[in-house]
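Trainee: Sequence annotations record features per position, and here Swiss-Prot assigns transmembrane segment to 10-30, 48-68, 94-114, 133-153, 159-179, 210-230, 242-262, 270-290, 331-351, 363-383, 388-408, 413-433 based on sequence analysis.
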């Protein structure tokens, strides 16, 4: 009984986070799809049939039944998939990196468009009250978005528990509105028959095919189901989809279609015009709340994706702020929030209406779905051990469908869809350059590493100036496992603290690391030890807290107080070589050197959660 209550609770929570994006698509999807073609029963049934089978095949079958199998120890998303691939393949790792970082860039671009189109489409409902209110749509939507991004720093912990019930109210509302229309014109239920979808595509030809770009809007947000596995689990998400989101969405789409059959003029805003006039204002309020929640879910997912990228070494250690002491998943990334805000506002001000935004929306998500399909297909062969025939048949079907959508979406590239794609390339270049630079640094430190034991003997450890009562913790970065900061300190000061701990952290290719696998320790001397701390890519790196737990568990051979110990971090000064090898490498080196110089000691201190008043930065120099 308790297990069922827990599942229902997670399912309700999933409604508010996972289905906000796909759940608000009825605001604009049918309007965009049917605009430009005759509003008659044949066309309406054809479009509704395409919507029905798109939701069944792409979301219900592909994502919930197949893609869900490719989780990484309970975590989903394209970067979690990358970490899983690193376990299983070395041959194709460079390709996986390129695919994953480009996919991550596409999701960031989507994070700008989704809040814009969702909020604007909801506020456009004011036009149903009076034409005089249309000029106020953009200012009101902009104000809502400004408030939304401004409040990110405070976190959503206090109101987050309301998201599920509020989205449930949204789904119930749109379902009832749809049922009322279907009851009057049940002929729309014929659209469940795939014949109408096929007949529509055959009859309309090229124009019908291009309308698939509008149909694709009903499945945007489906990628969020896979990305949010770790937050809620597979079964609660499936339960929420099949018993709440899917039936409510279909009822509303079919209700809009039923209304359009008898009132073709309702195409100006088919979502709001299925409601009675007295319900317009309450519906606008409910829709606006739902779109804000959907936007919040996208923003939070982008923050989570950024955290994964930082921990996997795909981007610099930008500041990540924990907004909740109880829930590690509630984070705020100031720089990403600012980028999303600027991008979202730029889209709103440039495109002005939901129709215009829809002509730029979808192509980035479409490409990301294709990349996930390809990676999961490889996982099916290498991890699940499916036969080549089964993989080619099933994923060939998925790729065929996604490529068909992509072909229909290509015209969106010139109407604004190029923006998230160009942004994705830019982000991918930054990530690839960062990864390339870290690998170079790792190789450089490895080739020039020094044996600490030999150095201690050469410096006559016993004759060095002793610092009694002083405990020093030297933190080395992922590219330097030899303890370079400690060696620099010894050579410069010719003094040694009473207790020395050289700490290196490793982010494993799993979301969470069990306590029994958290620590590795090697002692070089009775007072000098090297400690490796393992983290998962979904965890928060907190060196002082991890050391405190290690002390409490008597893992270290000596006692020291973390609250009084001195921390030392290594800050490399990277310079790009003046030797020109190739233009791409040259610019990668320049970019990496710039990023390293600008992620200063302060960012390292924040990233490791070190106390500012007890941390010393030790500089090093390296030429790429």
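Each residue, glycine too, has its Cβ placed from N, Cα and C.
Can you tell me where each of these features sits in the structure?
Mentor: With a threshold of 8 Å between CB atoms, the same-chain residues lying at least 6 positions outside the transmembrane segment (10-30) that come near it are 47, 51, 59, 114, 117-118, 121-122, 160-168, 170-171, 174, 214-215, 217-222, 224-225, 228, 231-233, 236-237, 239-241, 243-245, 248-249, 252-253, 256-257, 260, 270-271, 287, 290-291, 293-298, 300, 354-355, 358.
Sequence-distant contacts of the transmembrane segment (94-114), counting only residues of its own chain at least 6 positions beyond either end whose CB sits under 8 Å from a CB of the stretch, comprise 21, 78-79, 81-82, 85-86, 220-221, 223, 227, 294-295, 298-299, 301-302, 305, 309, 314, 336, 339-340, 343-344, 346-347, 357, 360-361, 364-365, 367-368, 371-372, 374-375, 419-421, 423-428, 431-432, 435.
Sequence-remote contacts of a segment are chain residues at least 6 beyond its ends whose Cβ falls under 8 Å from one of its Cβ atoms, and for the transmembrane segment (133-153) they are 115-116, 119-120, 123-124, 126-127, 288, 292, 295-296, 299, 321, 323, 332, 334, 337, 340-341, 344-345, 348-349, 352-353.
Beyond the ends of the transmembrane segment (210-230), by six or more residues, the same chain brings 14, 17-23, 25, 28-29, 32-34, 37, 47, 50-51, 54-55, 58-59, 63-64, 67-68, 70-71, 74-78, 80, 107, 110, 114, 204, 237, 241, 249, 253, 294, 297-298, 301, 304-305, 358, 361-362, 365-366, 368-369, 372, 404-405, 407-409, 411-412, 511, 538 to within a C-beta distance below 8 angstroms of the stretch.
Residues 20, 23-24, 26-28, 30-31, 34, 119, 121-123, 125-126, 128-129, 144, 166-167, 169-170, 173, 177-178, 180-181, 252, 255-256, 259-260, 263 of the same chain sit 6 or more residues outside the transmembrane segment (270-290) yet have a Cβ under 8 Å from a Cβ within it.
Tertiary neighbourhood of the transmembrane segment (331-351): same-chain residues 108-109, 111-113, 115-117, 120, 138, 141-142, 145-146, 149, 152-153, 155, 299, 302-304, 306-307, 318-323, 357, 360, 416, 419, 423, 540, selected by CB-CB distance under 8 Å and a gap of 6+ residues from either end.
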Trainee: Taking the transmembrane segment (48-68) as reference, which of 159-179, 363-383, 413-433 has the most Cβ pairs under 8 angstroms?
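Mentor: Comparing 159-179, 363-383, 413-433: 363-383 has the most Cβ pairs near the transmembrane segment (48-68).
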Trainee: Same chain, outside the transmembrane segment (242-262) by at least 6, Cβ under 8 Å from its Cβ: which residues?
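Mentor: Same-chain residues near the transmembrane segment (242-262) but 6 or more away: 11, 15, 19, 22-23, 25-26, 29-30, 34, 39, 41, 44-45, 47-48, 51-52, 55, 59-60, 168, 171-172, 174-175, 177-182, 184-189, 191, 218, 270-271, 273-274.
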Trainee: Where else in the chain does the transmembrane segment (388-408) make close Cβ contacts, counting only residues six or more beyond its ends and a cut-off under 8 Å?
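Mentor: Those are 57-58, 62, 66, 209-213, 215-216, 363, 366-367, 369-370, 373-374, 376-377, 380-381, in sequence order.
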